[in-house]
Structure formats: structure tokens, C-alpha cells
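> Among the features that TrEMBL reports, domain 'Inositol-tetrakisphosphate 1-kinase N-terminal' is placed at 39-118. Residues or ranges marked as 1D-myo-inositol 1,3,4-trisphosphate binding site by TrEMBL: Lys48, Lys89, His181, Lys213, Asn310, Gly314. According to TrEMBL, the ATP binding site annotation covers Arg124, Lys174, 202-213, Ser228. According to TrEMBL, the domain 'Inositol 1,3,4-trisphosphate 5/6-kinase ATP-grasp' annotation covers 139-314. Annotation comment: TrEMBL describes Asp293, Asp308 as Mg(2+) 1 binding site. Summarising the annotation, TrEMBL assigns Mg(2+) 2 binding site to Asp308, Asn310.
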Amino acid sequence: MVSGGCVGAEVEVDPEAAAAAAAAERDEAVAPAPARELVVGYALTSKKAKSFLQPKLRGLARKKGILFVAIDHKRPLSDQGPFDIVLHKLTGKGWQQLLEEYRETHPEVTVLDPPGAIAHLLDRQSMLQEVSELDLTDRYGKVRVPKQLFVNTDALSIPAAVTTAGLSLPLVAKPLVAKSHELSLAYDPTSLTKLEPPLVLQEFVNHGGVMFKVYIVGDAIRVVRRFSLPNVDEGDLSNNAGVFRFPRVSCAAASADDADLDPCVAELPPRPLLEILARELRRRLGLRLFNIDMIREHGTRDRFYVIDMNYFPGM
Ligand SMILES: Nc1ncnc2c1ncn2[C@@H]1O[C@H](COP(=O)(O)OP(=O)(O)OP(=O)(O)O)[C@@H](O)[C@H]1O
Ligand SMILES: O=P(O)(O)O[C@H]1[C@H](OP(=O)(O)O)[C@@H](OP(=O)(O)O)[C@@H](O)[C@@H](O)[C@@H]1OP(=O)(O)O
Ligand SMILES: [Mg+2]
Ligand SMILES: [Mg+2]
């Protein structure tokens, strides 16, 4: 290993690492070169390209014969490439149309994922529909969606609409557009009239302040714990009035993987349950690259709720 990051710093060589590097070089020399490079065209914002295409990933990919090539999203894709895979997370209408045309004329290219399927996750009204229809119950647990209501009327009519729909306070108010992360918590009927539709109101489910982020990449599943909002009790309900805004909570939340947590709260959802859920959602949504935010209802072992899904999230 080489220590000292700045130019002119003294370089110290770790003999073990140097030997390993030399061995790897030898292996590379004798290993057969990949038959052909796999070209992955990517259309991402510069922020996303930076967070996703880190040097380590590029290096690993190169070793496996995978090359990442930036796509110019303003030019027809047929004039670029050729690509084996197109990886994208841009939302403009012009881009969507270019991509659809390309999909029709290039069925041999894997587009990750079809724009129509992604659109389903970009709207919080349709986002959780498949989880709700799946209504998964097996011997490992149940997976539900919190009761929710889409609101696109005058804010003054929200309390009545909430009563009619049978939703209980507190409610999490989420902007309809999933790219917006300006969420809030409303404890009382009056604060509901201060919200700004269009939005989705979701019953707040107590879950002990820990959530599970389940990442799905094709057949692979990875789960991590993150801190989340704490439980709300009866006292909080009677003592709090107003709208509590909590923008970008998931970005602020630290990983809860190494924390000293109550095991009943921290236990990861059972793997077989996640496998069925991921397989079914992949099939029903037609997506291969997304994540599911899950919580366990506090005081239960096996009742889970899906509260959010994101296309091509930060991994
Ligand atoms: N129904 C709910 N019950 C309890 N807590 C919730 C509920 N919905 C959201 N939360 C809490 O609020 C956080 C943000 O909600 P959500 O994940 O829907 O927002 P988001 O802005 O789409 O997040 P992301 O950055 O993951 O896209 C969750 O991570 C969780 O801590
Ligand atoms: O950059 P992007 O637009 O993809 O931002 C995504 C972000 O990933 P990044 O870390 O790669 O930026 C993710 O963050 P972490 O959960 O990993 O903290 C997550 O918040 C997604 O919900 C965001 O996607 P969006 O909901 O806005 O589409
Ligand atoms: Mg989320
Ligand atoms: Mg989200």
C-alpha cells in the first residue's frame, strides 16, 4: 500500500500489498481477455454520475471487461455507441422520447429500465400499488402498505376527506412527485388544512425508529438498517399541534448497522420474505434497479410495511 496522498510525500511500500499487486498483475497477464467489451452507456446527472460511477466501480468493471461511456442526452442514441446496456436516470420529456424511440429500433440493447415502468415509481399515488395488490402473507410475515389517501383538492377539505377515508392521525404528508422530499407530519385535523396538495397522506406507523432499505439489483438483494423517525405516542398526539416538516430525512439518517439497538427492532426482515417480495415486485413493475423502504410495526415480529420505493437509488 502507498501511504501519503500529497505530491512529494515520502512513499512507504507495504511489502505484502506489493506482492499481492504483483500477483494480480501476473494473473491478469495469463487470464484470458474478455471475449468482447460490454459497453454500458449512461445518462445521469453529473451529481449521480459522481456518486455512482466511483473510481473503484469503474476499476472493477474494467477488470471484468465492462466499459462505461457517457451518453449525450441531446443527440439520438443510434448515432452514439453501440451500447449493450443503457443505464439512465434523467427525467426530461425530450430524453424520454429519444429513449423510447431507441428501445423500439434497438431491441437487442438492454435499457435499464423502461421509462414507462420507472414513471410508476415517480408518482406516490401509483408507487405502492403493486405492493398493496400483492398483499404478501406467508409463514415469514406480512407485507402491507400503510393506509393512504391521495389529495388534490382545497386543503380546507382535507380533514373531512381523512375522516371519510378512515385514516388515523398522525399522518405523513408526502408530495405527489416522488423526486420531491419535502415531507411533513401532521398530528391534528387543523394542521391538515395547512398542507399543500397535491399530496399523498399516509398513516404514520410506529416502528421503533429503525427502517430497512432493501436494494434490488436484478436477482441480487442487499438490506441495510437506517435510523428513522421515532415512535409517536398518545402524549405526543395531544401535546403537538401544527405541521412538522422533515425534509430529506433519509439523507440525514445515519446507518444503524453498528448501533446498540433493541434486537426486536433491529432484526432484519426474514430473507425468504424479501426474496418473494423482490421477485414479485421485479416482475410486476418490470424494473431491475430499485429500492424498497420497509419498516416493522413496533411490537410485532413479522408485520412489515413498505413506505417508499425509489428507482436507481444511491447504493
Ligand atoms: N408511513 C410512515 N410511517 C412511519 N414513518 C414514515 C412513514 N413514511 C415515511 N416515514 C419516515 O419518513 C422518512 C421519509 O419518507 P419517504 O421514504 O417516503 O421519503 P422520501 O423523501 O421519498 O425518501 P427517499 O430519500 O428514501 O426517497 C422515512 O424514511 C421514514 O423515516
Ligand atoms: O442522486 P439521485 O437523484 O439518484 O438521488 C437518490 C439518492 O442517491 P444518491 O446518494 O446517489 O444521490 C438516494 O440517497 P440515499 O438513500 O442513498 O441517501 C435516495 O435519497 C434517493 O431517493 C434519491 O433519488 P430520488 O428519489 O431523488 O430520485
Ligand atoms: Mg425513502
Ligand atoms: Mg423516495
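Quick reminder: no glycine exception, Cβ is built from N, Cα and C everywhere.
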> Using a 10 Å radius around each Cβ and all protein chains in view, which of these binding-site residues has the most neighbours: Gln202, Asn206, Asn310?
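When each Cβ's neighbours within 10 Å are tallied, Gln202 leads.
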> Go through the binding-site residues Lys48, Phe204, Gly208, Phe212, Asp293, Asp308 and pull out the ones with a Cβ less than 6 angstroms from some atom of ligand 3.
Asp293, Asp308
> Return the members of Lys48, Arg124, Asn206, Asn310, Gly314 (the binding-site residues) with CB less than 6 angstroms from at least one atom of ligand 2, or none.
Lys48, Asn310, Gly314
> Please give the maximum pairwise Cα distance, in Å and rounded to a whole number, for the 1D-myo-inositol 1,3,4-trisphosphate-binding set Lys48, Lys89, His181, Lys213, Asn310, Gly314.
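Answer in Å: the longest Cα-Cα distance is 20.
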> Out of Lys48, His181, Asp308, which of these binding-site residues is nearest Gln202 (ATP binding site) by C-alpha distance?
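In terms of Cα distance, Gln202 (ATP binding site) lies closest to Asp308.
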> Any idea what DSSP makes of Lys48 (1D-myo-inositol 1,3,4-trisphosphate binding site), helix, strand or coil?
helix
> Provide the three-state DSSP residue tally for the domain 'Inositol-tetrakisphosphate 1-kinase N-terminal' (39-118): helix first, then strand, then coil.
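Per DSSP, the residues of the domain 'Inositol-tetrakisphosphate 1-kinase N-terminal' (39-118) fall into 36 helix, 17 strand, 27 coil.
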> Same-chain residues six or more away whose CB lies under 8 A from the CB of Lys89 (1D-myo-inositol 1,3,4-trisphosphate binding site)?
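Ala43, Leu44, Thr45, Lys48, Tyr311, Phe312 - these are the non-local Cβ neighbours of Lys89 (1D-myo-inositol 1,3,4-trisphosphate binding site), listed in sequence order.
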> Round to the nearest Å and give the CA-to-CA distance linking Asp308 (Mg(2+) 1 binding site) with Phe212 (ATP binding site).
11
> Cα-Cα, whole number of Å: Asp293 (Mg(2+) 1 binding site) versus Gly208 (ATP binding site)?
15
> Measuring Cα to Cα, tell me the gap between Arg124 (ATP binding site) and Asn310 (1D-myo-inositol 1,3,4-trisphosphate binding site) in whole angstrom.
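Arg124 (ATP binding site) to Asn310 (1D-myo-inositol 1,3,4-trisphosphate binding site), Cα-Cα distance: 10 Å.
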> Measuring Cβ to any atom of ligand 1 with a strict under-6 Å cutoff, which of the binding-site residues Lys89, Arg124, Asp293 qualify?
Asp293
